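**Q** Mind looking over this structure? Questions follow.
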Amino acid sequence: MGCRNSVKNSKDVLAGVRRCCCFIILLANGVIGDVLQLERLYGRIASPDFPNVYPNSKERTWNITVPPGYVVRIYFTHFNMELSYLCEYDYVKLRSGGQILATLCGHRSTDTEEAPGDKTYWSVDNNLAVTFRSDYSNEKEFTGFEAFFAAEDINECEQQTDGEPLCDHHCHNYLGGYYCSCQIGYLLHKDKRTCTANCPKRVLTARSGEITSPNYPHPYPKLSQCTYNIQVEEGFMVILEFVESFDVETHPEVPCPYDILKIKTPKQEFGPFCGDALPPKIETRSHDVEIQFITDLSGVHTGWKLRYNTTALPCPNPEAPPHGRISPVQAKYIMKDSYRLSCDVGYVLVENELIIESFTAVCQKDGSWNKLMAQCTVVDCGLAPDTANGTLAYITGAGTTTYEAEIKYDCERPFYALKEGHFDRFHCAPDGYWRDSRGRKAPPTCEPVCGVQRSNVLKRIFGGARALPGQFPWQVLIVNADGVTGSGALLYDNWVLTAAHVLTEPARVSSLTLKMGLLNKRAAHYHQAWAEAAFVHAGFANDGINFNNDIALIKLKHRVPIQANITPICLPGESGRFRLNASDVGAVAGWGRTEKRRQSPFLLYTELDVVDPEKCKAAFANRTVEGKPLVLTKTCSVPAMNKGARIRAVETVEAR
């Protein structure tokens, strides 16, 4: 009913009404309330029955709506309501944007209650709710209120959002709204408020220069993404230094979550940087550097300024490995500089697990060396070579084969000894070879010791005596393919000295059987050797009576192991001590015929005196053998023989 009466009694209101809706509400406490929706640019509202006394238990709300871009301005021309503490009974309440703008009662304001008086109120947005309420009883007569409202344009350009202007640069107000524009060189963001920097990618090729954030030293724009690319010649690196001030939005707990400054090279990234402290000087070690600056929507900060310059890109200073030396030593190595690595004595260069003769590295244009540093590894001579008939001992330590390690060779005594002029001690030399004190790397030679006898007791017995084991260890029994036997003496460990007439067929030398280390020709245990070649003296006549040059050598296929029962005989030298004199005694041994003219199966020996050759000639003058004249050799000294004794060239003779 209040809505209907209001429309009928006010022509001004009817003229301005776009739409009026009335809702009647019965409240739980018995108060009857209604809601009026008013969508108009201006108007008048008043308490029920105004200017008469307003009724008890009444509530009415006017929801006033004006177009977007406007607010509702309202003021009271009359106000007379019941006064109560904090306006608990009768009141007029103004609400907008979810806020209570005022709760009014009484006629004049007190310490705890507010009356409008001459005050004007504005809505927060384009909606204003005015609520009138009276309780169930009034002791006095109160006439209520009369108020006028109107739509008023908002000057958005004077407003702020989160403490910041609505527009970054220029704000333009018009009835019902506003719009923003930007300064030259900036672009209006799609949010229609923010001015972003027009930041096309900049490429700088000069060797020095300055770069700043947009608008420095004034606040940099929001929602911008700027990229600066410094590109100089290869072989140079860019050095960045921030100067003056640095002011980029930051966060006390999270590193650079808002505005970000990043610096990148193809191999490395620096930052992000933010806050108010100047970043440290940056040596990028690259000729290609990208600087990226990204900003968000909030904050007012002045940004940054940096200077850059370039220098020849240095390679990392090389560090010599242990036992290595670098030359030349320089404070800095730049493109095309090089160094050489050498090692201490006893160490070798190793690269990729291979020993190399020399090592040189060159500084490249990208600031890296063209190869990784080699290493210096101690020389290792490896296991020393063995020597035949000898043993090897590592003096420095078991199995130690590195530089300056020492080894010692020992021959198997008493049957082998070092060859004259050879040394038993070797050391691991710097070149990786085992060398003796004269620098020779071939291992020493252990030669057989000649003339070693287990027993040298001889008996002067007519007809000879059986030889004892080890008494004539050089004695060799030679058997040809027909079973004919002869005798020889072992020389060194791979030759046999014998009489030329024993080798009846030198061409068939491979058919010979050579037995050593035995006394009985029929013995089952002996060392057998095979002939490889035979060498008969070219002057041997082989006529059965002339024994000049009756000498031959047999070369063995394999070396004979020297031991107690097999040792070589010593050959006489040219010195005077090897000349036979008439006072000397000689020993003769062999498997020759006995006094009974039978072949002895046992090795026999006897001692004979050496006589003057002229006496021999006289004694054998005019003697014949099987009717042929006997010829004495020119190179032999003949032992004296008892009557009827016979000396055969196949026997061995030892002078004493």
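Backbone N, Cα and C atoms are what each Cβ position is placed from, and that goes for glycine too.
Caution: TrEMBL annotation is automatic and unverified by curators.
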**Q** Which one, Glu249, Glu253, Glu290, is listed by TrEMBL in the same Ca(2+) 3 site as Asp259, Asp296, Ser298?
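**A** Checking Glu249, Glu253, Glu290 against TrEMBL: the Ca(2+) 3 site match is Glu249.
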**Q** Choose one of Cys343, Cys363, Cys411: the cysteine that TrEMBL connects to Cys376 by a disulfide bond.
**A** Cys343
**Q** Which one, Cys171, Cys180, Cys182, Cys226, is listed by TrEMBL as the other cysteine in the disulfide with Cys199?
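**A** In TrEMBL, Cys199 forms its disulfide bond with Cys226.
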**Q** Under a criterion of Cβ-Cβ distance under 8 Å and sequence separation of at least 6, what residues of the same chain contact Cys381 (disulfide bond)?
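**A** Thr401, Thr402, Tyr403, Ala405, Cys428, Ala429, Gly432, Tyr433, Trp434 - these are the non-local Cβ neighbours of Cys381 (disulfide bond), listed in sequence order.
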**Q** Applying the rule Cβ within 8 Å of the centroid of the Cβ atoms of Glu82, Asp90, Asp135, Ser137, what extra residues of the same chain belong around the Ca(2+) 1 site?
**A** Asn56, Ser84, Tyr89, Ser134, Tyr136, Asn138
**Q** On the 0 to 100 pLDDT scale, where does the domain 'Sushi' (379-448) sit on average?
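**A** That region's mean pLDDT is 95.
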**Q** Name the one residue among Cys180, Cys195, Cys199, Cys411 whose Cα is closest in three-dimensional space to that of Ser298 (Ca(2+) 3 binding site); these are the disulfide-bonded residues.
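**A** Of all the candidates listed, Cys195 is nearest in space.
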**Q** Quick one: of the disulfide-bonded residues Cys87, Cys105, Cys157, Cys199, Cys376, which has its CA closest to the CA of Asn173 (Ca(2+) 2 binding site)?
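**A** Checking each of Cys87, Cys105, Cys157, Cys199, Cys376 against Asn173 (Ca(2+) 2 binding site), the shortest Cα distance is to Cys157.
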**Q** Please work out the number of neighbouring Cβ atoms within 10 Å of the Cβ of Cys363 (disulfide bond), leaving out its own Cβ.
**A** 24
**Q** Specify all same-chain residues, apart from the site residues Asp153, Glu156, Asn173, Tyr174, Gly177, whose Cβ lies within 8 angstroms of the center of the Cβ atoms of the Ca(2+) 2 site, ordered by sequence.
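**A** For the Ca(2+) 2 site, the extra neighbours are Gly69, Ile154, Asn155, Cys157, His172, Leu175, Gly176, Tyr178.
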